[in-house]
Amino acid sequence: LPKAMANSLWDNRDISCKGCAAQLFLFAFLISAEFSLLTIMSYDCYVAICKPLHYRPLLGSRACVHMAAAAWGPGFLNALLHTANTFSLPLCQGNALDQFFCEIPQILKLSCSHSHLREICVVVIGSCLGIGFFVFIVVSYVEIIRAVLRIPSEQGWHKAFSACLPHLVVVSLFISTAIFSYLKPSSIFSPSLDMVVSFLYSVVPPAVNPLIYSMRNQELKGSLRKCL
């Protein structure tokens, strides 16, 4: 994003090969880590609502360190694998990307070698990780909804859903746009649509995260009401 902003300010769209590799690595690393952290947060919501008395033993400081390592470690290895895999290909179909950042599918289009197996490898690895995380999140929320429906008071329902709603909004926005970007049918291919969708899943969720999560803060809500 800083590189894209600099390109807009100075009207210069150039990026070095090393800069492109660094950008791709950071993008893959942070996207993988974000998806992992969103999955961990769904587990946090599940324990808080379904097993509140076991919250401290299950999610103590040591468990948090282990979960953070589980999010960042595989994300780093995943990004390293994708970057090495992508830039080991000979790129000879021009040097212009139809995207505002160095994205794997766009770089693979510039390769003149038979990169289909590498593309399939990238898609399979990413899909397996993504499906595993997605299934875990869905199962967590199914259990959360079942637990909430057993709460007798309406106030308890409101409290439980308000705790999980911001996370659910971010997950829905992130997953839906990412799935559409990478798995949409070729019949609706459009460079401008690709850019818009990529912007939605790579820039919008991190940008709106502070706003979405801070709406649970009562002091912020009070200040917002006074401003309005």
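Note: Cβ is positioned from N, Cα and C throughout, glycine not excepted.
Nobody curates TrEMBL annotations by hand; they come from automatic prediction.
Per TrEMBL, the feature domain 'G-protein coupled receptors family 1 profile' maps to 1-213.
Here TrEMBL flags 21-43 (among others) as transmembrane segment. When Cβ-Cβ distances below 8 Å are used as the criterion, the transmembrane segment (21-43) is approached by residues 3, 15, 67, 70-72, 74-76, 78-80, 82-83, 86-87, 101-104, 107, 129-130, 133, 136-137, 140-141, 167, 170-171, 174, 178, 202, 205-206 of the same chain, each at least six residues removed from its ends.
Annotated transmembrane segment per TrEMBL: 122-142 (among others), in sequence order.
Summarising the annotation, TrEMBL assigns transmembrane segment to 163-183 (among others).
Taken from TrEMBL, the feature transmembrane segment covers 195-215 (among others). Within the chain, the transmembrane segment (195-215) has long-range Cβ neighbours (under 8 A, six or more residues past its boundaries) at 1, 27, 31, 34, 98-101, 103, 166, 169-170, 173-174, 177-178, 180-181, 184, 221.
Listed by sequence, the residues of this chain that lie at least six past the ends of the transmembrane segment (122-142) yet keep a Cβ under 8 A from its Cβ atoms are 32, 35-36, 38-39, 42-43, 45-46, 74, 78, 81-82, 85-86, 104, 108, 164, 168, 171, 175, 178, 182.
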